[in-house]
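> If you scroll down you'll find the structure; I have some questions about it.
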């Protein structure tokens, strides 16, 4: 300022004075203009009066800068050496101050920054006598730029806030164009975080478009979701991946999108790979994008195809539980690979009945083959305490018919072959045993009755003991422990010198049969994958029928002693193969041996298979069983949730044995003799055995396709018809016309009867015993069911001859037929279908821990650890 301080003083007296007052007039004009603008004309007149009465030639240019209104805007502060108070000017107009010329109350102090000691200037003395204190120095160019930048940023922030308010109302471009951007009520709703307001604004379009979210709106909602763990409510409104990692990936995509077009492009790409929608129409549109047909020209045809896929009854599939955390993968590529073939290419419906079958897709997203038969949709299921229970049982991509599972099934099935041989032994052996020309000791009819009836009684004892054995020794070790006693029992019979040794051998064999019949289905149920559990689970029954057939054929050529020696040789290969297979992974988990369980699963599923998801499911299931278990397991059987599956298993065992099957098997030769058939009795038994064997293999092909209940229906109807026809034949033979020319009829009825029994009621009760019984009571409940089965077997075989004596053969067959008729209604009303379901799914359904999705739509989800 020193260069401009005394522009009027540089000349001589009058000239200099005149030159100095011209800038004063200019400055006074500026002052008047500014003070008048703020409504303070009185202050101006006071300044003018003071100047006119003063005797000074000092120019105001020595005091004022050219533009004193560029001072930065700061909050006003009191000068430490001044008591002058100022009047605030407009926010965008910096004030002006004349400290020596104005009165204290005229105007307020200017909003300048407080001066430091160094910044304070000494009073200036001009040519006059009045001392003037100068104003602070003018702002630098840097301060001016900062001031203007702050103003620009404030304006930009205000514009962005207005833009966000507009964008929050825009769900799509169409809906945004139809709305009034100046609607203040809509702006208030956009700022609201209330769920009802959110639903009201978004429900009209949110689930109807494949890319139906605005750039900023979904980002805001994603932040809300990640902060509050409120994923379920968000999932019902917006199209976001079910896994946390996918949601974070979407958030990154949104942040990186620099324009709306780029946002829609990345959004479509993301949805095409990870989209999970509760609205099937949305996902179907995404399917079109994946398949390269994103145009709407064929929309009507697409809608018709979609309805056919969604609502066709044959496309009903089974529910499965999904663990959201387990769906996370190490990389986006892994995620894409593991999910694209079974998760992204079809609709997710809140009602499992409307979920369509999965399609096997190629890399381009096109349908490559037939429907994947065993694929399952992902449906949330709820536990009995009302909280979501999330477990993982994804459709496996591991090979199913691998040799290790087949080897395990064949190994235990050889034990079933021994069981079948031992069970059928009395039918051909008693014929030669009662012959004194062959046997060195006398076998009375009463003793012969006990030879046939003691084995079921011993099976009852073995069934009771088998429950604790499989729990404490393990499934495999229990089965293995029966091999040597089978050999010993057959040797006792083969070397018998009296009836007592025969009875002892039969009792020991029956005890082992009771244990084996309990442990074999449990072992297979816990080792074989659900997709083939029905097929491989029937192998023990098929091999049991082979044992029966082998006994009948060998009995035609051997006496009872040689037949027993053959029975002693059969357990040897069974004993060798049992050493090659592992214990069940489920039993290892129940004993806390996680590493052993992992090795067993790797052996059963293959070394290249991913067994971790299945192992986690087993561990969670065992943890639930441990939390709910009690010390007294037998008391657990009486609980309502456990008694239901147990009663179904007992009912199946009851109707299996009361169909009369064991009476027919044990007394086949005698029945054909009484019927007066022209066919040799031994030949008839061989024919019955062959039919029994073939029918079981037919059942193995049908059980995983037709289901358990369908085969039970067919089995019941076939047995009802043949038993009533047999009863009519024997009634006519005893009381009616001559039926000797119908000697073929008993054999035909027996063949159809055995065929029907072997299709359903023969193998399925044992298979379902290992499926429907809960894990925590499986050992004790299977023990009770097995003991009950052998009790019924003992009653039927021991009383069959007495029934014939009392009511005749026709009465006995009619009684069995009536029981089968009742059993048909039992199957219809109470027996569940277990085809293709995991043991955990079956257990939840049997124990009543599954609810419909519609009944739990408002249940708060589990928290996510992120």
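Positions of Cβ are set from backbone N, Cα and C atoms, glycine also.
Per Swiss-Prot, region 'Disordered' is recorded for 1-34, 67-212, 282-311, 335-357. Per Swiss-Prot, the feature compositional bias 'Gly residues' maps to 8-21. Taken from Swiss-Prot, the feature compositional bias 'Polar residues' covers 74-86, 340-350. Taken from Swiss-Prot, the feature compositional bias 'Low complexity' applies to 110-133. The compositional bias 'Basic and acidic residues' annotation in Swiss-Prot covers 143-152. Summarising the annotation, Swiss-Prot assigns phosphoserine to 257, 258, 259, 329, 331, 854, 855 and lists similarity to another entry as the type of evidence. Swiss-Prot lists 400-420, 450-470, 483-503, 507-527, 534-554, 562-582, 652-672, 683-703, 710-730, 750-770, 777-797, 811-831 with the feature transmembrane segment, giving sequence analysis as the kind of evidence. Sequence annotations record features per position, and here Swiss-Prot assigns topological domain 'Extracellular' to 421-449, 555-561, 673-682, 731-749, 798-810 based on sequence analysis. What Swiss-Prot lists as N-linked glycosylation site is 437.
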> Does the structure show the transmembrane segment (450-470) and the transmembrane segment (710-730) touching, where I'm treating 3 or more Cβ pairs under 8 angstroms (sequence separation 6 or more) as a contact?
no
> Would you mind listing the long-range same-chain contacts of the topological domain 'Extracellular' (555-561), meaning Cβ under 8 Å and 6+ residues beyond its ends?
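Same-chain contacts beyond the flanks: 427-433, 438-439, 493-494, 496, 682-683, 685-686.
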> Does the transmembrane segment (811-831) come close to the transmembrane segment (483-503), meaning at least 3 CB pairs under 8 Å for residues 6 or more apart?
no
> I need to check the long-range neighbours of the transmembrane segment (534-554): which residues 6 or more away from its ends have a CB within less than 8 Å of a CB in the stretch?
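Tertiary neighbours of the transmembrane segment (534-554) are 405-406, 409-410, 412-425, 427-428, 520-521, 524-525, 528, 563, 566-567, 570, 665, 668, 682, 685-686, 688-690, 692-693, 695-697, 699-701, 703-704, 708, 758, 762-763, 766-767, 770, 835.
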> For the residue listed as 'N-linked glycosylation site', just count the other CB atoms lying within 10 A of its CB, please.
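So the number of other Cβ atoms within 10 Å of the residue listed as 'N-linked glycosylation site' is 5.
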> Of the listed stretches (400-420, 507-527, 710-730, 750-770, 777-797), which one yields the highest count of Cβ-Cβ distances below 8 Å with the transmembrane segment (811-831)?
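Highest pair count goes to 710-730.
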> Decide whether the stretches the transmembrane segment (507-527) and the transmembrane segment (683-703) have at least 3 CB pairs under 8 angstroms, with pairs required to be 6 or more apart in sequence.
no
> Mind tallying the compositional bias 'Basic and acidic residues' (143-152) by DSSP state, helix then strand then coil?
10 helix, 0 strand, 0 coil
> Is it possible to list how many residues within the topological domain 'Extracellular' (798-810) are helical, extended or coil according to DSSP?
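Helix, strand, coil within the topological domain 'Extracellular' (798-810): 13 helix, 0 strand, 0 coil.
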> State the mean pLDDT for the topological domain 'Extracellular' (798-810).
83
> Which three-state DSSP class does the residue listed as 'N-linked glycosylation site' fall into?
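SS state of the residue listed as 'N-linked glycosylation site' = coil.
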